[in-house]
Amino acid sequence: MTSAQLDFSRIDLRGQAPTTAELRHRLPRGGTDVDSVIPTVAPIVDQVREGGARAALEIGQRFDGVTPDSVRVPAEVIDAAVGTLADDVIAALEEAIKRVRAFHSAIRPEDKQVEVAPGGIVTERFIPVQRVGLYAPGGNAVYPSSVIMNVVPAQEAGVESLVVASPPQEGGWPHPTVLAACKLLGVDEVWAVGGAQAVALLAHGSTAEGGEELEPVDMVTGPGNIFVTAAKRLCRSVVGIDSEAGPTEIAVLADESANAVEIAYDLISQAEHDTMAASVLITDSEKLADEVVAEMNERYHITENSERVAEALSGQQSGVVLVDDIAAGIRAANAYGAEHLEIHTEDAHGVAAQITNAGAIFIGRFSPVPLGDYAAGSNHVLPTSGTARHSSGLSTLTFLKSVHVIDYNEEGLRGVADTVITLSKSEGLPAHGEAISARTSTANTNGTEV
């Protein structure tokens, strides 16, 4: 029996010279209307802010039909979770942790001290956020990899206090694979709460039944569905957030030298995440485009998540973009600003060097997106929906605050006093200059008047 053919759209830009604005309008892009769920999520956030842990558990019962015995997962439950995993899964998690830690440790910036003039020193200090809440979603798949991608950078940044929140499953606790990942990472504070109510509880904190304090966090990170994203938006005046993440997306920039079978596999792999996932092929080869679509039609129906894949690949957010040449493809890729961008061209490194807008760039056939999803060492929490044009993925830097420390002595202040006084007068703020004059015109080294 022949399976239905994918409705993989095709946009032909050949013979045209679209502007950046036109490209952004014409390239495949799904819509995630966070505003549409704000009326649903705002009452949840309000209820948790007022009612704390009890309200969060009641909301979880209402939506998911599960109520854990407590918000905080007992240590013995976390410890026991590792024993539920097969040895190869434990080994895979440990290898992924090792690689992600190696990279994120190496990229932690050092403090930098600069003497901008004699007697004038400015230092940039990198100070970790004190307490962070990391969300690990449930839903279509279990994501221990998201625990790794959030926890490791925070640890390497030096965050003192970490809590992971993840929705309870049928047994009343988060999925054992998520708990096992927490154990392997040394995270001992896990909350069995999910959805928008988890974000609100992380932001506002509470006193749990029995008197245990659920301390609020300073920052919330991690992926989630549209309701989690809306809760992040509503709580961002209380806590910092990493981003408002939309459905996952992959763009592949390829020429006729690319392997159609491998590209088809890669486009399908991201489509299995979500029915709204975007899979886009940008190419100057119509022959390659035809081959990739044919391969996807041959393969999608035998994947475990075939219905989800078919809906994602047939959605308005997915399709082929035909361009005149790779230079035009680069312009299209930069206008699109993909979460994940694979480069399959003869000069893949040269092309990659010209990409300015992408959450992560994967060079060549041996660097596929699934590698980055799990164990390349890079992070898989990346900007979506075109926000790679101005935002970065999660990393050690996400959990560090850059603080400038100004340390001038008398010589340094006198050397720049006239500049400050002149500028303050020019802006109509003379008191600023007077604060300088008070130190340079009458002060001696003891700070007393001459």
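Note that Cβ sites are derived from N, Cα and C of the backbone, with glycine treated the same way.
Here is what Swiss-Prot says about this protein:
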- Glu339: active site, proton acceptor (ACT_SITE)
- His340: active site, proton acceptor (ACT_SITE)
- Tyr135, Gln197, Asn225: NAD(+) binding site (BINDING)
- Thr248, Gln270, His273, His340, Asp373, Glu427, His432: substrate binding site (BINDING)
- Gln270, His273, Asp373, His432: Zn(2+) binding site (BINDING)
Gln270 (substrate binding site), number of other Cβ atoms within 10 Å: 27
Candidates Asp373, Glu427: member of the binding-site residues with the richest Cβ shell (10 Å): Asp373
Cβ-based neighbourhood (8 Å from the centroid) of the NAD(+) site, residues Tyr135, Gln197, Asn225 excluded: Pro137, Ala165, Pro167, Gly194, Gly195, Ala196, Ala198, Val199, Gly224, Phe227, Val228, Ala231
Tertiary neighbours of Gln197 (NAD(+) binding site) (same chain, Cβ under 8 Å, six or more apart): Ile44, Gln47, Val48, Ala55, Ala56, Ile59, Gly60, Ala231
Reduced DSSP assignment, Glu339 (active site, proton acceptor): strand
Spatial separation of His273 (substrate binding site) from Tyr135 (NAD(+) binding site) - C-alpha basis, Å: 17
All-chain count of other Cβ atoms within 10 Å of Tyr135 (NAD(+) binding site): 28
Residue among recorded positions Thr248, Glu339, Glu427 with Cα closest to the Cα of Asn225 (NAD(+) binding site): Thr248
